[in-house]
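Q: Supplied in structure tokens, the structure appears directly below.
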Amino acid sequence: MDIQTLLLYISLFIALFFEVFLLITYLEVYDELSFEEKHIGTNIEKFPSVTIIVPCLNEERTIQKTLKSLLHLDYPKDKLSIITVDDGSTDGTLRKLNGFKKHPQISVLSKKNGGKHTALNLALEKINSDLVGCLDADSFVNPETLRKIIPFFDDPSVMAVTPSIKVHEPKSILQYAQKIEYSWGIFLRRMLSSIGALYVTPGPFSIFRTRVFKELGDYRHGHHTEDMELALRMQKNHYKIVNSHMAHVYTSTPAQLPALYKQRVRWTYGFLNNAIDYREMFFNKKYGHIGMFILPIATSSIFSTLYIIGKVFWANLMRVYDFFVRIQTIGFDLDISRLSFDWFFFNTGIVPFLTLSVTMLSLLLLYLAIKLAEGKVRFSKGILYYLVFYVFIVPLWLTKAVLNTIFKKQISWR
Amino acid sequence: MVDSRKYIIAFVITTVIFGTAIFVSNLLNQKKLEDVRSIENRVALDILSSETQFALLEETSCRDIGPGFLSKELGSLGEKLSYAENQTEFNTEDIEYLKRFYFLLEIKDYLLMKRLTKKCSIEPTFILYFYSTKDACEDCERVGYVLTALRDKYPDLRVYSFDYHFDVEAINTLVSIYKVKPDLPALIINGETYYGFHSVEELEEIVPSLKELIIRAKAV
């Protein structure tokens with residue numbers, strides 16, 4: 001067996017193993033999920049005080065809607081305060097923020113541009129509530145979102161709760177595809193939550209105990225992914241992070257490919273570089289599932305995805321090349337009567353069967369993911385877009401992020 | 001603390017799926033090899049039958065030789081072997097054995113065809129084709145397309161293809177009889193050797209009797 005075939009087998013085995021692992025986890029937490037869906041947030045006895053920080057940089061189009069969604073949260077007014085921080089916007093964001101200045105729940109801060117983590121840290125200095133959260137200025141919450149998060153803090157060991165992030169009003173093909181991708185993300189985060197292996201506390205509406213920042217320090221730059229850095233720092237210090245899949249947050253997603261590409265390069269680059277910074281967690285029993293399994297597999301999946309897609313792409317390119325050579329040699333002669341469907345010529349190798357198994361399991365998991373995120377499954381164009389386009393576009397940002405990491409090239413936020 | 005039980009269960013399930021994929025694939029590939037083997041046996045029987053018939057020719061006339069005199073399956077056998085050869089899953093030793101058998105069958109069929117054309121004064125309609133799988137040979141691939149197209153067009157055309165570097169004494173003998181240089185692809189038509197790429201049209205020019213094949217086929 002040559003090294004390429006061996007690599008392919010290993011990649012497929014790992015992919016299959018991860019899918020089976022997720023499926024087992026899903027079956028394990030099935031009752032828990034049903035309970036959360038029916039009862040979570042319906043009977044809160046004690047409402048802790050909460051501060052939500054909204055960092056903004058040139059968000060004049062969405063900031064008002066974001067703040068209004070926060071003000072509509074079904075939560076005691078005296079227990080909820082909002083701090084907005086303008087991080088040196090050059091558009092009308094600050095003007096829009098000042099319009100809310102008189103609101104008793106909202107305070108407005110303004111500073112020179114220094115990056116999202118500096119804006120969050122400025123607000124953290126002023127906080128003395130029990131809990132603190134962040135909401136990106138392009139995201140919106142449902143009235144019940146906070147109520148679906150608070151009960152998780154009844155467990156004193158829980159230090160942070162992450163929400164389910166959904167796509168806000170998809171319009172473009174890419175946004176419909178992202179909607180399905182986000183459903184997959186909701187499923188994955190809920191599964192990772194149950195094994196204590198969440199490695200991101202997303203910018204849109206992750207809620208922390210305020211003491212987390214007092215004990216572990218402020219937000220850091222984290223290679224432009226401060227939410228990933230903070231989560232890994234918490235995991236390293238054995239601070240428990242859980243996910244509430246019923247707490248829905250809606251975020252504006254890139255409508256066009258260049259913006260999506262840039263965002264995903266940043267995410268992947270951030271993951272790889274934070275993984276390097278926290279490399280001592282890898283294969284370290286002390287960190288449980290996240291150290292022994294999730295971080296290694298998340299890192300290796302970037303490379304195996306590139307390898308598998310690269311290989312499939314190359315094989316198909318060769319097939320197209322052969323087809324053209326054939327046409328060039330003997331001309332185009334499609335005689336259906338000569339086409340034979342002899343099973344002999346179907347590829348019955350091991351790889352096609354393994355690929356089929358991985359694909360079937362992926363589709364099953366996608367079905368479960370959409371069911372978990374949307375409550376029901378119906379075939380939508382988003383599924384088609386996701387299945388068709390993502391295969392082609394994911395390698396683009398993975399490659400760029402890997403290259404930037406190898407050559408230590410910085411990336412930009414926008 | 002990591003719950004290793006879940007990992008073990010996941011590992012066992014994954015291994016079972018993996019094992020099933022390997023098992024099913026091996027089973028089907030074995031079936032394919034058996035398929036090739038049984039075609040080879042049928043071709044061998046066809047040749048034996050033709051040889052016997054030919055031996056009887058002394059007592060009969062050329063008219064008694066019908067269109068099914070030579071084995072029809074040699075072409076499809078070649079296609080299947082060439083497909084299997086490009087698949088990594090097949091056992092190389094099995095494929096080598098089947099290829100060796102196939103080349104020998106081709107040579108036997110070729111000799112029979114040659115004797116037949118001489119005896120019955122038929123225009124020869126066969127091509128000997130030497131290709132290489134050892135070195136990159138782009139023209140071999142293109143000539144392969146041309147010969148397949150020709151065979152599709154003239155089902156009675158017999159193309160005998162040989163892997164130039166394959167270790168079979170009989171192929172080496174053919175190479176030395178026709179003095180085939182390793183400048184592949186090489187085609188031998190009516191005793192003449194042609195090197196390099198030749199299009200369908202060029203080969204139709206070289207083998208004028210091809211046209212007769214169609215007329216003969218229509219008459220039958």
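From the backbone N, Cα and C atoms, a Cβ is placed for every residue, glycine too.
The following feature annotations were taken from TrEMBL:
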| type | residues | note |
| --- | --- | --- |
| TRANSMEM | A:6-29 | transmembrane segment |
| TRANSMEM | A:287-309 | transmembrane segment |
| TRANSMEM | A:343-370 | transmembrane segment |
| TRANSMEM | A:382-398 | transmembrane segment |
Q: Between the stretches A:6-29, A:287-309, A:382-398, which wins on the count of C-beta pairs under 8 angstroms to the transmembrane segment (A:343-370)?
A: A:6-29
Q: By a Cβ-Cβ criterion of under 8 Å, what residues six or more beyond either terminus of the transmembrane segment (A:6-29) are in contact with it?
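A: Non-local partners: 187-188, 190-191, 194-195, 293, 297, 300-301, 304, 307-308, 311, 350-351, 354-355, 357-358, 361-362, 364-365, 368.
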Q: Take the transmembrane segment (A:287-309) and find every residue of the same chain, 6 or more past its ends, with a Cβ under 8 Å from one of its Cβ atoms.
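A: Contacts of the transmembrane segment (A:287-309) (Cβ under 8 Å, skipping residues fewer than 6 from its ends): 7-8, 10-12, 14-15, 18, 21, 192, 195-199, 235-236, 268, 271-272, 275, 278, 281, 391, 394-395, 398-399, 401-402.
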